[in-house]
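Reviewing the structure listed below.
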Amino acid sequence: MASELAMTAELPTSPLAIEYVNDFDLMKFEVKKEPAEAERLCHRLPAGSLSSTPLSTPCSSVPSSPSFCAPSPGGQPSAGPTAAPLGSKPQLEELYWMSGYQHHLNPEALNLTPEDAVEALIGAPHHHHHHHQSYESFRPQPFGGEELPPAAHHHNAHHHHHHHHLRLEERFSDDQLVSMSVRELNRQLRGFSKEEVIRLKQKRRTLKNRGYAQSCRYKRVQQRHILENEKCQLQSQVEQLKQEVSRLAKERDLYKEKYEKLAARGFPRETSPPAAPKTTAADFFM
């Protein structure tokens, strides 16, 4: 029976499947005895079913498991687009279902022991393309036709708006925004939203104010340097004038001292000239 199972249902021998199966100890499960009716229920398919999955056992409320029973001799595979082929290989998720719900399987209906199941899993031939398909089935599926939640829509819209906002700001450099006239800027901003235009104009106003403040600061610093240079020149001139004043004061003191010395020696006074004799009228007539 194990060989027939290995032939009809080839299972992948990928390291992932082997490691997952080895994590479970199949020897600790006991074989549950079921009546022969369970075997008939295992082989019986529901009417109008497109899958090969049989009905679950009457005593179990677990959903129907993947089919590990041989199909009935008279059964014909369905020709629908979703119908699985008769000899199709079970997917890797069936292994996960089998390992997770081992206590719901019917070993008596399968006529298998835990050792036979392990041998069938390990001894199956390896197919690279089938392993790739089985592994791809466990990858997270995209949303597809499902509707995205409002948070995702908001995040996508915010990301798109942020990206569009960055593209608008990257379109103009700071120098272009400052040097561009208002008419030219309005012509360039045609077609953009009002919010983005206001934000860009606010950025331009901020840049112009910053440039004006830097210009005022530069002029103030330049004027300070000019005033400091003038101050230094005036201070040097004052020092020169002070030196000239001190030199003139010394020269004045020297001349004053000479004058005082000459005045102390006492120069002789000049005698007055003699007075002319008085002529009388008699002398005049004589």
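If you go along the chain as it appears here, the first residue is 1 and each next one adds 1.
Cβ atoms are placed via backbone N, Cα and C, with glycine included.
Summarising the annotation, Swiss-Prot assigns compositional bias 'Low complexity' to 51-85, 277-286. Under the heading compositional bias 'Basic residues', Swiss-Prot lists 152-166. If you look up Swiss-Prot, you'll see 199-262 marked as domain 'bZIP', on the strength of sequence analysis. The phosphoserine annotation in Swiss-Prot covers SER14, SER49, SER61, SER65, SER272. Marked as phosphothreonine by Swiss-Prot on the basis of experimental evidence: THR53, THR57, THR113. The region 'Disordered' feature in Swiss-Prot is assigned to 51-87, 126-167, 265-286. Under the heading region 'Basic motif', Swiss-Prot lists 199-224. If you look up Swiss-Prot, you'll see 227-248 marked as region 'Leucine-zipper'.
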Helix, strand and coil totals (DSSP H, G, I; E, B; other) for the region 'Leucine-zipper' (227-248): 22 helix, 0 strand, 0 coil
Model confidence over the region 'Basic motif' (199-224) (mean pLDDT, whole number): 90
